[in-house]
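Engineer: Starting off with a structure, shown below.
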C-alpha cells in the first residue's frame, strides 16, 4: 500500500471453482415474468448519459438529505412544531388578545417572552439540523470514479451520479448507489462485500456479475451499452429481479448481481458497476425510516398537569367573572354608586351595570389572559436546555468511555433522560451484548476423547451451583475462582485451548493420532477463509465469513496444521508428517464447495490430496450430522454425543466433524449431476441442487466435535447483580437454543439452582406434524393449547403475559427479530412500566425501537443497532452507571424541576387572583406589565435550570453502593400525583401568606416618614419582592448539592430583581409607567419594606422547612436514609447498610447478591432444624 503502509498480498480466487453452489450461472425464475408490469417498470440505459429517454424518466438524483428542515421549510415547519404544544398555542392566543382593549397588560410585555421562548427553541432545532446537514454534505461530497465516455474514468462527487452511469469502486470504498455488478478484479467477476451498515453482519458476502460482462475492464467501456429492466425502488434488501439486454440477448439479474449503497468492497481490488437506483430510491434509504417518536412518562404526565392548570385558570376566571358580573349589576342602584371610582353611571361596556352579562364575559377573557401566569411559559424551553446539558454530561462521563475501542457513551436523543431513572424491565440480546461475539476455540472431542482443560465462565457458574471441585470459594466476599482459569491467558485471538496432550506436537503419541490428524486437517481445509500475508513479517492473518470459521483455522494453525495459501483451485497446508516426524507442505485440490446455510446446517468441501484420494470433508450441527454417519463410522458416536451435551451445558457452540472417501466413478456422477443442476433455468433449481448434494453427504466417518466459546463481556455478572438490587427485571431474548441460553443465564447470575424453572416450548411431535402440513390456523390453535397446558401443569392459572411478567427473570430462546419486537411490546403493554431494550445487531433494531428506551451497543456487529438507538454505549457493564447514576439523577432533577416550576408559578399567579378578588375582580393586575413578563424569564428560571443540571441527592459512589435508591424512580415516588399536588399546595399557601401578610402589614398605616400611605404600585412591589425571595430560597431549601453555579444563579436572581426595579424605575414614565421611581423613592427608603420582606419570607418558608425536617428525621425516603448514613459516618457499617437495603420495595431475586441471601436463608433453616 502506498505511503509506507503495511503491504499485503492476497491470492485471487476463481469463485466459479470455490463457490460451486452460490456463484453459478444465472437463471430465469418465475419473478422475471413480471418485468415490465406493475412494480417492475424501471428502465435503465447503461453508459448512455446523453440518452433522451433517461431525461424523460424523471428519476431522482443521488443527493441524499436526512435533515428535518430545508431553508425554505425551516420557519413554517419549526413554528408548526412549536405551536403544536398546547401551552405555546395558549400563549399565542393570549398574545394576540393582548392587542385588544381587553388586555390587562401591554401587548409588548405579552409577546416578548413568547418570542424569546419560541426563538430559543427554534435556534436549538436549527443547530441540531445543521449538524445533520454537515453529515449530509460529507456523504454527498465523497468521490467515486465515473466513466466519462471515452474509456477513461474521472473522480466525481456522489451527488452528481445519474442512473446508468458506469462507476469504478476500489477496495475498502463504499458503494455510492445501488449498482449492478458488471466485472471485478477477479476473472469471474466475483467480489466480497461487507454489509455491516445495512444488516449489522460482519461476515463477508460474495457477489458475482454476469458471465457476459465479466471481461469488461477500463478500456472496454468505450462502446459498451446495455439496457436494464428491473423492479421499482423498494425496501427489500434481499430481493432483486431484473433483466439485462446486451447485444440482442437477455440475461437474468438477481440479488447476486446487486451491490447496495453504503456496503463496502472488501478483499477485491476493484469492481465496475452500473447505477440502477440513486439517492432516496436506494434500498438503504428506503429502509431508513425515521425512528418512532418517543416521549417519556414524565413528559406525558406533564401534559396532564398543564391541562389541570388550564382547568384551574378557566375555573378561577369563571368564578371571578360571575362575581364580577353580579357586583357590576348591583353597582348603580337608586342613584347610589357602590364602586364610584369606576363611574358605573357613565362607564363603557366593561363596567356598565346595564350590560352586566356582557361585562362578565369580557372579564372572563381578560381573566384568562391575566391568569396565564399560572402556566410556566419557559417550562418547555428550560426542560429542553436541561436535557441537552444532561446529555452532554452523559457523553462526557469518563467512567462510560471504552478506551480499547475509543468509544464514549453517546446520548443520541435527549428526550428520554428521565426515563433512564424509571426502567422496570430490561430486555437484552445475548450474543454481542452479554457476550463478546468473539469466538475462542476452547475444547474439542476427537476419537471419543475430550481435549481442552480450560474452564468456561458457564462451567464456573455451574460449579458454584453444584459445589464442584472446579472452584474454591473465598468466605470473605463470596468471590469464586477457577483453579484452571488462572492459567496464562492466550495471546492469540480466537484460541484459548490448553491441553498438553495434543499441543506442541504431542498429539502424535496419542492412541488415535491418525484420527487427530484427520480432525485438524479437516479444520485447516474445510472452510472459505482467505489468508493474507504480511510481506514484512510473513505473519498470516485470516479473512473469514464468520468468527467461528476464523477460530477453527487459527486453532488448526496453533496445533500444527497451518493453512497458508489459497489459489483458485488449491489449498496449501503445513502439517506434521506422522511417518517422518517433519513439518511438510501439503497441497489439496479443491473440487467443490457445498456452502453452509440455515437449511442445510452443514458445510462440505470435496478435495483431492497429493495421493489422488478424493475426500469429502464436512462439518455441521449435531442434529444433521449424526444421522448421516455410516454404520462403520459410528465408533466414537456415544462418547462424542456425551461430550457435545457437556459442551452445550457449558455454554459452548458445537459442530460435528466427519469425512468420507469418494471413488472416482461416484464423484464423476456427482459432478455431472451438480453441473446439470446448477445450470438449470427451471424454478426448482435449488431443490435439484439439494437433491444432488444429498447423494454424497452421507455415510460419513465420525472424527469428533469442536467447541468454541462466546465469552461474557467484562463486568456483566456484577452489572446484572446491581441492576437486580435496583429492582429492575431482566429478560434475555436470544436466537440460541434453550440449553445454551439457560447456561448463559446461570453464568451471569440471572438464574439460580434453587429457582423454580418454568419451561414453555412448542417442540412437540404434534406441532412438528402440523408445521409440515402448513395449516397456519391449526398450528396457532395447537400452539395456544400447548402453552396453556404447560402453564397449568406449572400450577399457574395466569395468562402467559402475567406469568412471564411475574417471574424473576425470563429467557426467550430461538427468537427472530420480529419476535423480539413483539415480546418487547408484550412487556411494555403488559405492565405499563418503562422498558429498556439493549442490543448490538441489526436483528435487534425492532426491539430497540419498540421499547421505551433503546440502548445500542457499539460492538462488532455493525452500527445498525446504534443508529436506531436512543443511547449508545460500548459495553453492557456501562448500563449500570447509565441507569443507577445518570438515570437516577436525571429522573430526580427533572421531577423536582417540573414540580418546582408549577410551585413558583402558582405562588406568583395566585397572588394575582387574590389581589383581583380584593379589588372585586376589576381585572387590575397587582404588578407592572414587565414585572409580569420577566418573572419566568429572568427572576426565577435560572435556579431551576441549575437544579436540573447539577443537583445530586447522593454522589455517584453512593448511587452504585445503594442500588435500591433507584427504586424511587421505578415506583415513581418523586413524580407521583401526591408529590405534584403537594408542591401545588405549597404554592397556594405561599401565595396566601405573602398576599395577606403584605396587605395587612401595609394597610391603614403611614408608609413612610412623610405620612404617605401605600398605593397599588407599593403593595405590588413589596409582594413581588417577597415572591422573588421566597421562590429562590425555596429552591435553596430543595437543593441537596450546592455548587458555585447554584449560589450564583440563586442569589444572582434576587440581585437582578433589585437591579431591574431600580434601573427600570429610572426610565421615563411612558416606559416604566406605574413603576416610575417606586423603588428609589418609595420602597428602598422605607424600613418597613425591608422588615416586611424578612418577616414574610421567613413565615412563608417555615411550613416547608418544618415538614422537610420531620420527614427527614422520622419518615425518610431512600435518599434521605443514605444521606443520614453519610452524615453520621455509617456508610461502611454493614449492619446499618443492611438495614437500609431491607427497606427495598422489590426484593432482589437474581444476581450473586440474591444467591448469597439464598445461602444465608438455607444456613438459617439448617440451624433452626438442628
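Please read every residue number as a count from 1 along the shown chain.
Cβ coordinates come from backbone N, Cα and C, glycine included.
Per TrEMBL, the features are:
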- 44-109: domain 'P-type ATPase N-terminal' (DOMAIN)
- 86-104: transmembrane segment (TRANSMEM)
- 110-127: transmembrane segment (TRANSMEM)
- 305-327: transmembrane segment (TRANSMEM)
- 360-381: transmembrane segment (TRANSMEM)
- 429: active site, 4-aspartylphosphate intermediate (ACT_SITE)
- 429, 431, 840, 844: Mg(2+) binding site (BINDING)
- 429, 430, 431, 549, 596, 619, 653, 734, 735, 736, 814, 820, 843, 844: ATP binding site (BINDING)
- 866-1116: domain 'P-type ATPase C-terminal' (DOMAIN)
- 901-918: transmembrane segment (TRANSMEM)
- 930-950: transmembrane segment (TRANSMEM)
- 980-1002: transmembrane segment (TRANSMEM)
- 1022-1041: transmembrane segment (TRANSMEM)
- 1048-1067: transmembrane segment (TRANSMEM)
- 1087-1107: transmembrane segment (TRANSMEM)
Engineer: Counting by DSSP secondary structure, give me helix, strand and coil numbers for the domain 'P-type ATPase N-terminal' (44-109).
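Structural biologist: Residue counts for the domain 'P-type ATPase N-terminal' (44-109) by secondary structure: 31 helix, 3 strand, 32 coil.
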Engineer: Could you check which of the binding-site residues (596, 653, 814) sits closest to residue 840 (Mg(2+) binding site), going Cα to Cα?
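Structural biologist: If we rank 596, 653, 814 by Cα distance to residue 840 (Mg(2+) binding site), first place goes to 814.
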Engineer: Rounded to an integer, what is the Cα-Cα distance in Å between residue 431 (Mg(2+) binding site) and residue 596 (ATP binding site)?
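Structural biologist: Counting only the Cα atoms, the answer is 20 Å.
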Engineer: Are any of 596, 653, 735, 814 (the binding-site residues) within 10 Å of residue 429 (active site, 4-aspartylphosphate intermediate) when you go C-alpha to C-alpha, and if so which?
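Structural biologist: Cα filter at 10 Å returns 735.
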Engineer: Rank aside, I only need the closest one: which of the binding-site residues 653, 735, 814 has its C-alpha nearest to that of residue 844 (Mg(2+) binding site)?
Structural biologist: 735
Engineer: Please work out the mean pLDDT for the residues of the domain 'P-type ATPase N-terminal' (44-109).
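Structural biologist: Looking only at the domain 'P-type ATPase N-terminal' (44-109), pLDDT averages out to 81.
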Engineer: By the count of other Cβ atoms within 10 Å, pick out the sparsest of the binding-site residues 653, 814.
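Structural biologist: Least crowded of the binding-site residues 653, 814, by Cβ count within 10 Å, is 814.
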Engineer: Report, as numbers and ranges, which residues of the same chain sit near the transmembrane segment (110-127): CB under 8 Å and 6 or more residues beyond its ends.
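Structural biologist: Residues packing against the transmembrane segment (110-127) from afar: 68-69, 74, 78-79, 81-82, 88, 91-92, 94-95, 98, 103, 369, 377-378, 380-381, 384-385, 388, 933-934, 936-937.
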Engineer: Determine which residues of the chain contact the transmembrane segment (360-381) at the Cβ level, with the cut-off under 8 Å and only residues 6 or more beyond its ends counted.
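Structural biologist: Cβ under 8 Å, 6 or more out: 85, 87-88, 90-91, 94, 97-98, 102-105, 110, 113-114, 117, 120-121, 302, 306, 309-310, 312-314, 316-318, 320-322, 324-325, 328, 349-350, 898, 901-902, 904-906, 908-910, 912-913, 916, 921, 923, 925, 932, 935-937, 941.
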Engineer: Can you give me the same-chain residues 6 or more apart in sequence from residue 596 (ATP binding site) with a CB-CB distance under 8 Å?
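Structural biologist: Set apart from residue 596 (ATP binding site) by at least 6 residues yet with Cβ under 8 Å, we have 602, 603, 620.
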Engineer: How many other Cβ atoms are found within 10 Å of the Cβ atom of residue 735 (ATP binding site), counting all protein chains shown?
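Structural biologist: The answer is 18 other Cβ atoms.
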